[in-house]
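Taken from TrEMBL, the feature domain 'PH' covers 32-140. If you look up TrEMBL, you'll see 154-189, 190-226 marked as domain 'EF-hand'. The feature region 'Disordered' is assigned by TrEMBL to 538-604. What TrEMBL records for 544-553 is compositional bias 'Basic and acidic residues'. Per TrEMBL, compositional bias 'Basic residues' is recorded for 566-575. According to TrEMBL, the feature domain 'PI-PLC Y-box' maps to 613-725. Residues annotated as domain 'C2' in TrEMBL: 727-855.
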Amino acid sequence: MSSWNLAERSRARYRRHFLVDNSAFHVERCMSVMQSGTQMIKLKRGAKGLVRLFYLDEHRTRLRWRPSRKSEKAKILIDSIYKVTEGRQSEIFHRQAEGNFDPSCCFTIYHGNHMESLDLITSNPEEARTWITGLKYLMAGISDEDSLAKRQRTHDQWLKHTFEEADKNGDGLLNIEETHQLMHKLNVNLPRRKVRQMFQEADTDENQGTLTFEEFCVFYKMMSLRRDLYLLLLSYSDKKDHLTAEELAQFLKVEQKMNNVTTDYCLDIIRKFEVSEENKAKNVLGIEGFTSFMRSPACDVFNPLHHEVFQDMEQPLCNYYIASSHNTYLTGDQLLSQSRADMYARVLQEGCRCVEVDCWDGPDGEPVVHHGYTLTSKILFRDVVETINKHAFVKNEFPVILSIENHCSVQQQRKIAQYLKAIFRDKLDLSSVDTGDSKQLPSPQSLRGKILVKGKKLPYHLGDDAEEGDVSDEDSADEIEDECKFRLHCNNGTTEHQVESFIRKKLESLLKESQIRDKEDPDSFTVRALLKATHEGLNAHLTQHPDVKESGKKSHGRSLMTNFGKYKKTTKSRSKSYGTDDEEDAQQPPSKEPSPLSRLGRRRKTMKLCRELSDLVVYTNSVAAQDIMDDGSTGNVLSFSETRAHQVVQQKAEQFMVYNQKQLTRVYPSAYRIDSSNFNPLPYWSTGCQLVALNYQSEGRMMQLNRAKFKTNGNCGYVLKPQQMCKGTFNPFSGDPLPANPKKQLVLKVISGQQLPKPPDSMFGDRGEIIDPFVEVEIIGLPVDCCKDQTRVVDDNGFNPMWEETLTFTVHMPEIALVRFLVWDHDPIGRDFVGQRTVTFSSLVPGYRHVYLEGLTEASIFVHITINDICGKWSPLILNPSYTILHFLGATKSRQLQGLKGLFHKNPRLAASDSNPHSMRKRSLGDRILRRTASAPAKGRKKSKTGFHEMVEIKESVCEPAREPDGVLRRTARSLQARPVSMPVGRTLLGAWPPAPAVAEAAEGKESPPVQF
């Protein structure tokens, strides 16, 4: 029996719970109908329905349809299905007239990372019921299986899919020519004679000259024999071709650093992974079984214990990093994308614990959720709350923070409060929560199953009988200037549809352009470039329509985009007069603009807040920077845009860290990130910010870092901050931030790679050349720890390249460090991204480990990990020669910690005294070209200490950048600061901070007055 059928039979047990309500006969009948195929109408946005034949493939792993212009792409993996809903629930169904279709014949399949919907209509209700039942049955089996079963299933699926794609004529057999083509696609560079020899050995049936699927599996095993694993087995088996239980135990203890390894545990491994019945009978593990074990989750680079909650969850909320989402309801960009309640279900099930809801007045007295002043679609607030209530505690029971941005009238605020109470019920009741100390926040453990409403609260000086009152109205929606906000009126010939169509096309073209650039180079595509291009395109559009351009009144489209262009133009003109070394000053507005102080004063707004909504806010009171009181109270959440938070982190890092030991801080993306790009979260985590909100709908480097950060601790959305950030303080930008603490040394031997595919954006796809891979390892954490190193290039081998190179790193604070593994395809004119995997340093396990690349079924790299403790202040200088001696001689001694009173002051005049004396050096176009065209380093080249591309040099920088002979820019300075490249800091938005009194004043318990701008 084939491995495919064995795996299918072994997975049957995972579906038993589903069969409680569905008989086995009924489910099998559904499977039979689905595999035979059903004609259904496929609804599409803005188009008539298309009649297609939908069917389940023979292995029950893919949903397919025909006819389709997409050919092989017309499929949906069962693995990728998020949920199946009955009736007319999707947005596309809602756009259809009420009586067009019978709701009992409609259903929607949500799939993929972006919750794409496939909306289908059957000819009768029974067919719809059959498909809904069958799909939910298949999904139930996938969700319940353990990691080993899932690994085996995905491997089997990949093998079957590979065979089917190689079978060009569809006869279920592979001939020698099809096999040669498959070798090229798999990046295997073997002599044709060797391929033919293995082909003949695997071809054992009567039909000589072709391989069946079972024979192909044998051929693939021969081709995949791992030399590195075979030599490793020989070294522990006394040169035999198998391991006994005692030899396996020795390997696990010595190499894998496992404790309490028993004989029974080793025998269980043999029973589970050995494929030969003869070896099982002898209780020995052969090379195939050893390979399966080493490629299983048990030998993954990620600590399997960290898949569960293992950290102390009894500490105050401010002691945790909390997974947070920005504008959770959006499915794409910030201007035009759809708002969907399903996005809340998605992010909550991904582990997010803080979601954002932007509330606005809607028709018929019903509050709606959407991104204000834009063309994003609207959804009902009630639907959002019901979705959150349904999915908040499916994955874990730790508290969810509901960040409400309130723009509603008092009447609709009361409706919001009513919905929250009626739907969440006792989830909002915090009366039973015991904090133990009135001056400290409760713990995640004490708040299990609770929902915290984050929002404005009426001031305490108002009596309890006051039904409403004034509160400050400053939030993310007000970061864009009034002139840039979209107004709901159309003037003089330009319709809303025309503006929307034009902007959408512009966004799509720019985003496509960004995808073909270097995926790891944040300078390759910035929001400023997007704004400029959109502005220029809109001007061209208006030129082609003189009736619009010559109009005396501005259309809303011109108002929406022209002001973004003004922002860019002002930046550019000021840069010319101030030079590239002073980008912050370049953001000053023209002289005709009012001063920053008067402008900020003008933006100070108030709004009416009703008592019912205010009373729901308990531990998460939203406050603005100028409302901070250093009176020892807790329960305040300070919200910063990245531009403002950047300035605080840059100039008052230690004081900010002290503030975050008692209160919560939320940092969200700049409003100018209209493409929903994300900023670098590390600088804010490094100063103890708990709620660093990202756009979950935008996949990329920053979301990969965020996902890796919160995957540890059971992906529960809460990760304990390092002890040094919870008590005491240190300068995270120092050259040696924690001199008294031992460092960690990571010794990483990159041994080999397995089945590395061609780059996803390869010009010729699978027909392109065999790749020339190399591995880059990057440490991401405190600025002093940020560095990267690379292996040499292996030519023409993506199937099983061998590197055998050792990379060494020193890490000062491993608790917040991330280790990023990247695989690149070297090219004479640059490099192409193949894949990546990011893991927290604390989740690494020593020994021989496989690093599976994220999103790629079989691709991995094989490494050996050693982690050593290093004591002594001088060890980094010895281990990392790129340190300068001046870091240790105190050339830039940290200033004495100051009090909280002046932490959030904004005074541009005093910025000069606090700001970095070593101005930021902007990388020139020539440097970027050199970086992209430089070859991968040969063995022995020193590792790059550039750290993030998003980070620039600050106070401890004492060396000028040096250029190596190969033309690649190498920075020797170790102390870096965070700065989002795509969003320059404008002093029109944020000033600097003046000196403040010492901490002693705060320690004495003196009440400070409100901080003034």
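Residue numbers in this text run from 1 along the chain shown.
Positions of Cβ are set from backbone N, Cα and C atoms, glycine also.
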Same-chain residue ranges lying at least 6 outside the domain 'EF-hand' (190-226) that approach it to Cβ under 8 Å: 2-4, 159-160, 163, 172-176, 179-180, 183, 287-288, 291, 752, 754, 799-800
Chain residues outside the domain 'EF-hand' (154-189) and at least six past its termini with a C-beta under 8 angstroms from it: 3-4, 7, 59, 61, 72, 79, 195-196, 199, 207, 209-213, 216-217, 219-220, 223, 755-758, 766-767, 770-771, 796-800, 857-858
Helix, strand and coil totals (DSSP H, G, I; E, B; other) for the domain 'EF-hand' (154-189): 23 helix, 2 strand, 11 coil
The domain 'PH' (32-140): DSSP-derived helix, strand, coil residue counts: 34 helix, 43 strand, 32 coil
Taken over the domain 'EF-hand' (190-226), the model's mean pLDDT: 83
The domain 'EF-hand' (190-226) - residue tally per DSSP class, helix then strand then coil: 22 helix, 2 strand, 13 coil
